[in-house]
C-alpha cells in the first residue's frame, strides 16, 4: 500500500503514527530528541536558579511579576495541550475534520499565549527590566525566551503541517507528523508548567 | 509498488553533495575529519617548534594563544568527532544488518553542519585572528577577548554541535529499530554497542554545550550578564556547564575507540571477545559514570572539600570498568592465534599507552595532588595519553581494519607498520617527558620558558617526538595514495572477519544486503563460516529494495546557518536574516515536498547476486 494514500475507515491501523518503519523511527527519534531538549531546559533552569536573586539595581522578581497575566497565559497553554490531545484522538479515529479543527484551536491558543508573553516582556522593559540590566534579567529572558521561541516554532510547524495536508486526509506519511507535533506541544507545555512554578510562583513567594 | 525504480545516477561532485548513503557520508566524514586533523597537527607542530628551545621567538605570545586554542578545538570537535562518526557511519549499519541508518537525510545534514562549523572556526584565521581563550573558553577570558576570534569559536561549535546531536539521535534510533532479525542487543558487536552508548552520551551532553555557547554568544553580542560579576553574573557557571558537557565528551570520543579495539583484538586473535557481557556492562557503566565526574576539572576552583571528595571518588570509580576492559582485551589475546597485522599493532600499542593515561588520570583525581598538577604540563601529558594514546591509536586500528570495507582497497602493510612505529615512538617521545616537565613546574598554555630551569632538554626531546609523529602521518598519506592502485583490491573476507560487515562482497552494494541476514548468535558471520556456509543465511526472500533519494537540501540548510553566523559576528541583521531564511526555506521545502524514495527492482538485485556483486 502507498504510504501517502488517504486511509479509509476499513483499513485504518490502530496506531497510524507507528504503522510504518519510518513512523516508528520518527516516533522513537522524537522521544529521544525531547530527552535532549529536557537537558537543554534543565541547564537553563539551573542557570536561572543560580542567578535569579542578582537583580542589582533593577526590579526584583517579586516587584516585577504580575500573576494574573501569567496565570492567563498558563491557562491558554494548558488548554492548548488538551485540545491537541483531542486532535490526536480524532487522528486515531480517522476523523480528519475534527482533527484539523482541534489543531486550529490549539494554534489559536498558542498564538494567544505568545501575544501575552510579548505584552508581558514589553511591560517589563518599561519597568527597567531589560536584557542587559543584570544577571537576573539576562537569565530570565533567556529561559522564558527559549520557551517562547519553542512555542513560536511550534506554531509555524503546525501551520505548515495543516496547509500541506489540508485536503489529503490522514495517511501513513502524515499521521506520524501530526503525532510528533502533538508530542512537541505537550513537551513545551510541560516546560511552561516548570517555568510557571520555578520562575513566577517561586519568584513571588520564594 | 508504484514508485518506479529507474533512478538517474548523479555524476561525481553532485553525487557527493547530495548523497544520503551512510557509506558515502562515512567517507565524507573521514576525508573532512582527516583534513582538520592535518590542520590541527600543523598547529601542534608550530607550538612544538616554538617550545623546542628556551625564549624562542618563532611565534608571538598572542599567536601561541591562538594556536593552542585552535589546536584543542580543532582536534576535539573537528578531527576526533568526525573520525568517530566516519566509522560509525561506515560500520554500524553493516554490523547490525541494516540497509541504511534510520534517517538518511538527517545523517547528511549532520555531516554538512559539522563541516560548515569547522570551516567557520577556521575562517577566523583569515578574518582578523583565531580564538585565543583556550578550547575550554573560560569566562571572563572568552567574554572579554578582543576581536571576533571567540565569536567564530562560539558559532562554529554551535553549528557543528547541532550536527553532532542529530547524528547521535540518528544512531540511537538506527541501533534500536533497524537491527536484522536475530540481532538481539546482546548479540551486537562491541563497536555497535560503544557507538550506541556514545550516541546516548551525545544526546545528553551536547544540549548543555548548546546552552553554554548561547550564553557566551549573548554575553559577547548582546551584552548579557551571565558571567559578568559586576552585574551579578558568576564565572563558575560557565565552568560547570562546559565540563558537564566536556567530561562526557571525552567518553564520547574514547568509547568508539574501545569498540574498534575490541573488534580488532578479537578478529586478529581468532577468538570471540573474552567476557563479552562484562564488556557491554563496562561500556554502559563508563557512559553512566561519565556524567558524574565533571568537577574533577574544577578541583582548584574552590568548591570545597566535600564536593571535591565526592567527585574524586566518582572519578576513581571509572577506573574499575575501564580496567575490566583492559583485562578482557588481554584475555582475548591469551591463547589466541594472534596475527600482528597493522591494525592489530595499533590495538596492542593502544593497551599499555592507554593504561598509562589512565594511571595519571587516577593521580589527577586526587584533589590534594591535583592542586600541584593543575594547569601544568602533567595535565597536558595525561590528556594526550588518553586522547592520542587512546582515541587516535584506536581510530588508526579501525582505519587499517575497516579501510577495505570503506574504500575497496587494503592499505599496504609494510608502510602501515612504518606508520605505526614512527607514530608510536614519536608519541611517547613527545608526551612522556611532558609528565616530568609538569612536575618540574612548567605551566601549560605559556608560549615560552627561561633557560637554566632544566626544562630545555625535555622540551627538545618532546619536539623531536612531535616531528616523528608528523613523519608517521605523512607515511599514512603515502600509503593512502599508493593504495588507489588496483593491486590493492581486497581479497574476499580479507581478515577472516567475524561480524556482518565482512559477510558482503567488495565493493559494498549500495543497498548493503541483497537479503537481510538472519543472525544466529554473537559473531554471526563466524558462526556461519564454522557451520560450513560461505554466506549468511537470509531472513527474507529477494525482493524490491526501498532506497531514499539524495538531496541537496542538507547542504543548503548548513550554508544558511553558516551565513547567519557571519551576520551574528559582524552584527549585520540583514546577513543574519538572509542566512536563517535560507535554512528555514530548506526546512519548509523538506516538509512540503513528499519524497518517498525509489525502489531497486528485484530483477536488478537478482542480477547483482548472480554476478557476485551482492
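Every residue, even glycine, has its Cβ placed from backbone N, Cα and C.
Keep in mind that TrEMBL annotations are predicted by a computer and have not been checked by a curator.
These come from TrEMBL:
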- B:16-520: domain 'Cytochrome oxidase subunit I profile' (DOMAIN)
- B:27-47: transmembrane segment (TRANSMEM)
- B:152-178: transmembrane segment (TRANSMEM)
- B:190-217: transmembrane segment (TRANSMEM)
- B:237-261: transmembrane segment (TRANSMEM)
- B:273-294: transmembrane segment (TRANSMEM)
- B:306-331: transmembrane segment (TRANSMEM)
- B:343-366: transmembrane segment (TRANSMEM)
- B:378-403: transmembrane segment (TRANSMEM)
- B:415-440: transmembrane segment (TRANSMEM)
- B:460-482: transmembrane segment (TRANSMEM)
- B:552-570: transmembrane segment (TRANSMEM)
- B:576-593: transmembrane segment (TRANSMEM)
Outside the transmembrane segment (B:273-294), six or more residues from its ends: residues with CB under 8 Å to it: 186, 190, 193-194, 197-198, 200-201, 204-205, 240, 243-244, 246-248, 250-251, 255, 258-259, 262, 265-266, 311, 314-315, 317-318, 320-322, 324-325, 328-329, 331-332, 334, 522
Stretch contact, the transmembrane segment (B:27-47) with the transmembrane segment (B:460-482), Cβ-Cβ under 8 Å, 3+ pairs: yes
The transmembrane segment (B:343-366) vs the transmembrane segment (B:415-440): 3 or more CB pairs under 8 Å: yes
Per-residue pLDDT averaged over the domain 'Cytochrome oxidase subunit I profile' (B:16-520), given as an integer: 96
Cβ-Cβ under 8 Å with the transmembrane segment (B:237-261): same-chain residues at least 6 beyond its ends: 76, 80-81, 84, 87-88, 136-139, 142, 189-195, 197-198, 201-202, 204-206, 208-209, 211-212, 215-216, 226-227, 283, 286-287, 290-291, 293-298, 301, 325, 329, 347, 350-351, 383, 386-387, 390-391, 393-395, 397-398, 401
Beyond the flanks of the transmembrane segment (B:552-570) by at least 6 residues, Cβ under 8 Å: 17-18, 20, 105, 108-109, 111-113, 115-116, 119-120, 148, 151-152, 155-156, 158-159, 162-163, 217, 221, 576-587, 589-590
Residues from the same chain, set at least six apart from the ends of the transmembrane segment (B:378-403), whose C-beta lies under 8 A from its own: 75-76, 80, 83-84, 87, 90-91, 191, 250, 253-254, 256-258, 260-261, 263-264, 267, 341-344, 346-347, 349-350, 353-354, 356-358, 360-361, 363-364, 409-411, 416, 419-420, 423-424, 427, 430-432, 434-435, 437-439, 444, 476, 483, 495, 501
